[in-house]
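Okay, structure first, notes after.
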Amino acid sequence: MIELKNVNKYYGTHHVLKNINLSVKEGEKLVIIGPSGSGKSTTIRCMNGLEEVSSGEVVVNNLVLNHKNKIEICRKYCAMVFQHFNLYPHMTVLQNLTLAPMKLQKKSKKEAEETAFKYLKVVGLLDKANVYPATLSGGQQQRVAIARSLCTKKPYILFDEPTSALDPETIQEVLDVMKEISHQSNTTMVVVTHEMGFAKEVADRIIFMEDGAIVEENIPSEFFSNPKTERARLFLGKILKN
């Protein structure tokens, strides 16, 4: 379980997260939505120790993150898929996938490569194992990044707007891979996204944020058909109209 307890985050005098209380259960698919600047990405980055909270606690598997232990804990339990793919350009796809398992988890090359081939097949890129990232489309690179996160076999995968940097033509291929993972895997997924169709289909629970606060928490069927708050209704009215 990942828990945020009374989490506040400031950038200077700017209050970015305001008393966030949130728990993510094992195996849950949690989707965080809201307008730009609402604190969604900061929330998920706090979960992974990429941002230090100003006050409150972040707890991962009953371990409270602090500046001394956060790297060790998050490396053990959390994988992250970013807006931009962060693949090593001088390494092949296969080398990108086997680096962390071999270096950090001390897997043998044989075991790491077997796992890499398994997940390249899952994301539909088995034939791209020996090419370099620059030869791939944006959608393909993001699918490689997802496969890389799966190769670490960590219990939590956090997705920070994984389709926002993609061309419209390649967004669906990434969403399809994420849907497949959500249906076949017991992995806990936390997804920040503007893709409402994906949220409706995949999420066990929706978190709607605005101005650094959680405004509404609901199951998808209720949130999209009958949101509890006026702000959520206005947001959905605008975004679904487009």
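Using the three backbone atoms N, Cα and C, a Cβ is placed for every residue, glycine included.
Annotation comment: Swiss-Prot describes 2-236 as domain 'ABC transporter'.
Annotated ATP binding site per Swiss-Prot: GLY34, PRO35, SER36, GLY37, SER38, GLY39, LYS40, SER41, in sequence order. In the three-state DSSP reading, PRO35 (ATP binding site) counts as coil.
When pLDDT values are averaged over the domain 'ABC transporter' (2-236), the model yields 93. Annotation for the binding-site residues GLY34, PRO35, GLY37, GLY39: lowest Cβ count within 10 Å of the residue's own Cβ, GLY37. Of the binding-site residues SER36, SER38, SER41, SER38 has the largest number of other Cβ atoms within 10 Å of its own Cβ.
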